[in-house]
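The structure appears below as structure tokens.
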Amino acid sequence: MTHRDREEYNTKRREIKQAVKKAKRELDLKKNQMKDERSIRYVSNALGFSRSSVHRAYNRYRETNSFNRRSGSGRKRSTTVRDDRLVQMSALRNRHLTAVSYRNELRRVRQVNVSPSTIRRRLYEANLSAKRPLKGPKLLPHHRRARLEFARNRIDWTEEDVVHVWFTDESKFNLRFSDGRLCVRRRKNERYAACTFSPRVPFGDKEILVWG
């Protein structure tokens, strides 16, 4: 999901939430007016709703003592619990694939054909939204152990110790093409998880390294 798609999705969510809040306020007004035993025509004219809508809301409240929709009503979900679990497991096994790839996997295994938007919603429900991966050097297990030992040996350093250290860095410039943008499916607080990390190698073909 690109940054623009994410902004549009969040905007739609805010609009839907505002519409739901407005509808609840209007339904509460309906409820109060019905308690006053006012006619359906009066409520319809006051709120600007059709009489049939007010009548259905009144019957629902009279039967269930609530304006909420009955459980099980509405459009049926296009995926089952097993389908959703397969999509989630596919995303957890390979965090860097696109919604289209997960959709194709679902179609191949479960013979279920849904849109990539549906896949994104299922992953969002599982807190696996698409984010930019954290980048850093590619580290093997012995690299991690060496870094941890280095940090532990210098954890008590003072400013006087740091003064005698020469800090350097290097930058890479690609001559042929950029590294491109990648997305990763990760949950909250998984920014530094190894499975969501995008390793990089500071050398390769058709690139210049500037060190200083």
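Any Cβ shown, glycine's included, is placed from N, Cα and C.
Just so you know, TrEMBL annotations never went through curation; they're auto-generated.
Since this is a predicted model, take the numbers as computed values, not measurements.
Features of the protein shown, as given by TrEMBL:
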- 6-40: coiled coil (COILED)
- 61-80: region 'Disordered' (REGION)
- 85-154: domain 'Transposase Tc1-like' (DOMAIN)
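Model confidence over the domain 'Transposase Tc1-like' (85-154) stands at 91, taken as the mean pLDDT rounded to a whole number. Assigned with DSSP, the residues of the domain 'Transposase Tc1-like' (85-154) fall into helix, strand and coil as follows: 44 helix, 6 strand, 20 coil.
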